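Engineer: Take a look at the following structure, please.
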Amino acid sequence: MSLIVQKFGGTSVGSVERIEAVADKIAGYRDQGHSVVAVVSAMSGETNRLIGLAHDIQDHPTPREMDVLVSTGEQVTTALLSMALNKRGYTAKSYNGSQVRILTDDTHTKARIKSIDGDRIRKDIEAGTVVVVAGFQGVDEAGNITTLGRGGSDTTAVALAAALKADECQIYTDVDGVYTTDPRVVENAQRLDTITFEEMLEMASLGSKVLQIRSVEFAGKYQVPLRVLSSFVDGPGTLITLESDTNMEAPVISGIAFQRDEAKISIMGIPDRPGVASQVLGPISDANIEVDVIVQNVAADNTNDLTFTVHRNDLQDAAAILNQVAEKLGAREIVTDDQICKVSLVGVGMRSHAGIASKMFAALAELSINIQLITTSEIKISVVVDEKYMELAVRGLHSAFGLDGEPESVE
Ligand code: ADP
Ligand code: ASP
Ligand code: MG
């Protein structure tokens, strides 16, 4: 008998029929004697619908009111799922984030969980009740409702699993595991039986939204056994592991991640002297704009060009700030491009294999895809390319690195 935290994402609870199917799945686990805590998302499309309503009223609603609004989606699902379980003869109780006391900081719309009071849940579990918790939300010290950022129900589930010392945290979604790349973009992507926390963290932060980044961080930190599975079809899913696959045949590259919605901004001809990078990037970070890839190049005439990427939504604000900075520093010009994307190779095997970067660049060259920026770390290589080549690049690299799942790839 074990304690399992099961999270069901938007499509998994997207209709009454889907909620009934989830209730059947939970009932099956209860019948085997397991205790279940279910964490649910809003029904698919609901969070976006609520955000749309807000923007019909105000361009920039306060983050506090946004949180009050968007947190309602999850609450609806908790009650409906509890009813579906009750109808089947199982006791079930729904709770929202503040009732379970998922205490967060006060950063509305992207709050971080500080603690969870597991006592109430534990009592219910001991009484044989299925506890159904609203994902994505919490409460700050002052009692304000907060939310955890898009995809945040994953993090609620992992945090609950850590707090309750659950035997496993199962993330049920609309694909049957973590794939070598998004199976909606590359149809011969392959499901991975296992992936390390380290690799999953890179995949998530480089654009694979199958798990929210923070949920992976949390699972790694508290060593929560984490599995991604389909709520539509049965199967083993993908287990996120601490250790890498020591099998000699294990592929060097585990996956390919990609991110649309990026933008590039360059400040050209800055007089080159110590401190200019911080004078350029300081005001950007003061404005809470997240900077990703950064490249600086010194030209022969003692000026330098600094290029960096930001989320496309932040481009206007970043450009406005840089125009002021450019004037102050005497830089020549600002150039922006909002038609770029980032494609990344991820794999712990890169540590022990040379030549991955050159193989990647050669594969892209063969496809006549121009690389604009490159950044590497121990277990990933990312390139920024024109957005129109994104799918071509991902498919080409997937095949070049032997990740395709078609029979011809089997020697
Ligand atoms: P949920 O609503 O259940 O939280 P999400 O839409 O947030 O589901 O995440 C699941 C989606 O993640 C899949 O439908 C798939 O398109 C996408 N995805 C991106 N990269 C990957 C990957 N490497 N493996 C599996 N799914 C991926
Ligand atoms: N409903 C929220 C979202 O759409 C949280 C989640 O589903 O994880 O982002
Ligand atoms: Mg999600």
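If you go along the chain as it appears here, the first residue is 1 and each next one adds 1.
Glycine is no exception: its Cβ is also placed from the backbone N, Cα and C atoms.
Nobody curates TrEMBL annotations by hand; they come from automatic prediction.
I grabbed these lines from TrEMBL:
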BINDING   Lys7, Phe8, Gly9, Gly10, Thr173, Asp174, Tyr179, Arg184, Lys209, Val210  ATP binding site
BINDING   Thr47, Glu74  substrate binding site
DOMAIN    265-339  domain 'ACT'
DOMAIN    345-411  domain 'ACT'
Engineer: Among Lys7, Lys209, the binding-site residues in question, whose Cβ has the most other Cβ atoms within 10 Å in this structure?
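Structural biologist: Per the Cβ count, the most surrounded site is Lys7.
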Engineer: Just to be sure I understand the contacts, which binding-site residues have a Cβ under 6 angstroms from any atom of ligand 1? Candidates are Lys7, Gly9, Thr47, Glu74, Tyr179, Lys209.
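Structural biologist: Among the binding-site residues listed, those whose Cβ sits under 6 Å from ligand 1 are Gly9, Tyr179, Lys209.
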Engineer: Taking only the Cα atoms, work out how far Lys7 (ATP binding site) lies from Glu74 (substrate binding site), in Å, as a whole number.
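Structural biologist: So the alpha carbons of Lys7 (ATP binding site) and Glu74 (substrate binding site) sit roughly 12 Å from each other.
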Engineer: Lys7, Thr47, Thr173, Tyr179, Lys209: which of these binding-site residues put a Cβ within less than 6 Å of any ligand 2 atom?
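Structural biologist: Cβ under 6 Å from ligand 2: Thr47.
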Engineer: Here's one to test understanding: among the binding-site residues Gly9, Thr173, Tyr179, Lys209, whose C-alpha is closest in space to the C-alpha of Glu74 (substrate binding site)?
Structural biologist: Gly9
Engineer: Ligand 3 is in the model; which of the binding-site residues Lys7, Gly9, Thr47, Glu74, Tyr179 have a C-beta less than 6 angstroms from one of its atoms?
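Structural biologist: Correct list: Gly9.
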Engineer: Counting distance between Cα atoms, which of the binding-site residues Gly9, Thr173, Tyr179, Lys209 is nearest Thr47 (substrate binding site)?
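Structural biologist: Given the candidates Gly9, Thr173, Tyr179, Lys209, the nearest one is Gly9.
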Engineer: Return the residues near Tyr179 (ATP binding site) by Cβ distance under 8 Å, restricted to its own chain and a separation of at least 6 in sequence.
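Structural biologist: Ala189, Gln190, Arg191, Leu192, Gly255 - these are the non-local Cβ neighbours of Tyr179 (ATP binding site), listed in sequence order.
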Engineer: Taking the Cβ of Thr173 (ATP binding site) as the reference point, list residues of the same chain whose Cβ is under 8 angstroms away and which are at least six residues distant in sequence.
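Structural biologist: For Thr173 (ATP binding site), the qualifying residues are Gly9, Thr11, Ser12, Val210, Val228, Leu229, Ser230, Ser231.
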